[in-house]
């Protein structure tokens with residue numbers, strides 16, 4: 001099965017979406033935890049991502065493949081939540 005993924009140059013964008021953040025972070029229960037961000041971004045990954053994979057579609061759908069021991073701050077502000 002071909003995934004049709006390629007590495008993206010995520011460093012070319014300085015807009016809000018390039019800031020490291022993650023809305024869908026999943027971590028293992030191990031110590032230290034192994035965390036992955038499952039967010040999909042258009043055309044690039046956030047600025048702190050070392051391994052970015054994007055589909056060949058236009059616009060590209062990109063996901064950071066890095067493993068960290070923490071989750072980045074959420075991308076969406078808490079003001080957007082309906083409490």
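Even glycines carry a Cβ here, placed using N, Cα and C.
The disulfide bond annotation in Swiss-Prot covers 21-75 (among others). Taken residue by residue with DSSP, residue 75 (disulfide bond) is part of neither helix nor strand, so it is coil.
Around the Cβ of residue 22 (disulfide bond), the number of neighbouring Cβ atoms within 10 Å comes to 20. Marked as disulfide bond by Swiss-Prot: 22-37 (among others).
The annotation disulfide bond is assigned in Swiss-Prot to 25-71 (among others) on the grounds of similarity to another entry. Residues near residue 71 (disulfide bond) in space but far in sequence (CB under 8 A, at least 6 apart, same chain), listed by position: 22, 25, 27, 35, 37.
Neighbours of residue 27 (disulfide bond), defined as other CB atoms within 10 A of its CB across all chains, total 15. Sequence annotations record features per position, and here Swiss-Prot assigns disulfide bond to 27-35 (among others).
As annotated by Swiss-Prot, disulfide bond applies to 45-52 (among others).
Marked as disulfide bond by Swiss-Prot: 49-64 (among others). In three-state terms derived from DSSP, residue 64 (disulfide bond) belongs to an extended strand segment. All protein chains shown were included, and the count of other CB atoms within 10 Å of the CB of residue 64 (disulfide bond) stands at 26.
Residue 54 (disulfide bond) is surrounded by 23 other CB atoms, counting those within 10 A of its CB over all protein chains shown. Marked as disulfide bond by Swiss-Prot on the basis of similarity to another entry: 54-62 (among others).
Only 62, 64, from the disulfide-bonded residues 21, 62, 64, 75, place their Cα within 10 Å of the Cα belonging to residue 52 (disulfide bond). Taking residue 64 (disulfide bond) as the reference point, the disulfide-bonded residues whose C-alpha atoms are within 10 Å of its C-alpha, out of 21, 45, 54, 75, are 45, 54. Of all the disulfide-bonded residues listed here (21, 54, 62, 75), 62 has the Cα closest to the Cα of residue 45 (disulfide bond). Neighbour counts of Cβ atoms within 10 Å were compared for the disulfide-bonded residues 21, 35, 45, 49, and the top value is held by 45. Packing around residue 75 (disulfide bond) is summarised by its Cβ count: 17 other Cβ atoms lie within 10 angstroms of its Cβ, all protein chains included.
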